[in-house]
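Annotated features in TrEMBL:
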type: BINDING; residues: 2; note: Ni(2+) binding site
type: BINDING; residues: 73, 76, 89, 92; note: Zn(2+) binding site
């Protein structure tokens, strides 16, 4: 349910950009959602269709780029997607540590129609 307020904010950001540029409508919004961002892309999509009605975003395409979370090996310094129930580095076998990859959440691009 916490996707509702963030979806409202996405629509506000895109609508404000359209207004700043004297655009009639928003045609596309590209969003990046990391696996560990705490947000679920499908829920954002559902809320977007509902909340965007009667806004410049109504009818816009919402594209969501999902980013898999990656671990970082402190010894090898490589990034990797961990296997279920394992933190082991695929190169050296030592346990990796969480990285920032997969925590992303941002609007990547907004397309408007003038």
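Here the Cβ of each residue, glycine as well, is placed from N, Cα and C on the backbone.
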Between residue 76 (Zn(2+) binding site) and residue 2 (Ni(2+) binding site), how many Å separate their Cα atoms? 37
Count the Cβ atoms, other than its own, that fall within 10 Å of the Cβ of residue 73 (Zn(2+) binding site), considering every protein chain shown. 21
Go through 76, 89, 92, our binding-site residues, and report the one whose Cβ sees the most other Cβ atoms within 10 Å. 89
Can you tell me how many other Cβ atoms are located within 10 Å of the Cβ belonging to the residue listed as 'Ni(2+) binding site'? 10
Taking just the CA atoms, what is the gap between residue 2 (Ni(2+) binding site) and residue 73 (Zn(2+) binding site) in Å? 32
Shell list (Zn(2+); ref centroid = CB of 73, 76, 89, 92; cutoff 8 A): 74, 75, 77, 78, 80, 90, 91, 93, 94, 96
